[in-house]
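What Swiss-Prot says about this protein:
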type     : residues                       : note
BINDING  : His161, Cys196, Cys200, Met207 : Cu cation A1 binding site
BINDING  : Cys196, Glu198, Cys200, His204 : Cu cation A2 binding site
BINDING  : Glu198                         : Mg(2+) binding site
TOPO_DOM : 1-26                           : topological domain 'Mitochondrial intermembrane'
TOPO_DOM : 49-62                          : topological domain 'Mitochondrial matrix'
TOPO_DOM : 83-228                         : topological domain 'Mitochondrial intermembrane'
Amino acid sequence: MSTWANLGLQDSASPLMEQLIFFHDHALLILVMITVLVGYLMFMLFFNNYVNRFLLHGQLIEMIWTILPAIILLFIALPSLRLLYLLDEINEPSVTLKSIGHQWYWSYEYSDFNNIEFDSYMIPTNELAIDGFRLLDVDNRVILPMNSQIRILVTAADVIHSWTVPALGVKVDGTPGRLNQTNFFINRPGLFYGQCSEICGANHSFMPIVIESVPVNNFIKWISSNNS
């Protein structure tokens, strides 16, 4: 989760988020190099006294500054396209979770199991435990197994919502009358926080998401206890 004065991305908890961070660093490096080069050229042009009175055209330099940006754009576009296709792949999920956005809470259904569904509301500040996180903790967490492929189906009951967990690199719009899906793989245990990322009304900022990643054995015990 984001911490106080944190300006960077959250620590990744899935292979997809790791790839997103790598792409961010790759694109940022290229942008910094371009900025430094342009700044250096502008500085040198402003503070030198050299003048070429016979310069009419420069076909070579025009070719260079046309072809070079095209090559740079390819270096950014190709990794981006690869990542877009990776984000859309569904790889034989072990668990399917359905999330339904409401004004202003989430409801969840474990589609592979009978009778496991619940609503998840934000805990009000006056009811929060001393170690709770304001505007982020919920009364019912989503329990998911680590090291397992998870598919999530997202829809909405009223207006457009967006189910987002930054540490997992997941952001899926919930649209009324439509099922959107994506997949993710949690590679470590822990609590991962997210929020609705589509303005959906007065209490838009009060519908957080909390995922608790647990070992598979613990997940099976939790499923068994809820089924019984």
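One is the number of the first residue shown, and numbering goes on along the chain from there.
Placement of Cβ uses the backbone N, Cα and C atoms for every residue, glycine included.
Here the features listed in Swiss-Prot are painted onto the structure.
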residue	record	DSSP class
His161	Cu cation A1 binding site	strand
Cys196	Cu cation A1 binding site	strand
His204	Cu cation A2 binding site	helix
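In this view, His161 (Cu cation A1 binding site) is surrounded by 30 other Cβ atoms within 10 Å of its Cβ, with every protein chain counted. Taking the C-alpha positions, the distance from His161 (Cu cation A1 binding site) to Glu198 (Cu cation A2 binding site) comes to 5 Å. Counted over every protein chain shown, other Cβ atoms within 10 Å are most numerous around Cys196 among the binding-site residues Cys196, Cys200, Met207. Counting in whole angstrom, Met207 (Cu cation A1 binding site) lies 11 from Glu198 (Cu cation A2 binding site) by their C-alpha atoms.
The Cβ of Glu198 (Cu cation A2 binding site) has 17 other Cβ atoms within 10 Å, all protein chains considered. Within the chain carrying the topological domain 'Mitochondrial matrix' (49-62), a Cβ under 8 angstroms from the stretch's Cβ atoms is held by none of the residues 6 or more beyond its ends. With DSSP classes pooled into helix, strand and coil, the tally for the topological domain 'Mitochondrial matrix' (49-62) is 4 helix, 0 strand, 10 coil.
Confidence over the topological domain 'Mitochondrial matrix' (49-62), given as mean pLDDT on the 0 to 100 scale, stands at 77. Comparing His204 (Cu cation A2 binding site) with Cys196 (Cu cation A1 binding site), their Cα atoms are 7 Å apart once rounded. Other residues of the same chain near the Cu cation A1 site, with their Cβ within 8 Å of the Cβ centroid of His161, Cys196, Cys200, Met207, are Gly101, Gln103, Trp104, Trp106, Ser162, Gly174, Gln195, Ser197, Glu198, Gly201, His204.
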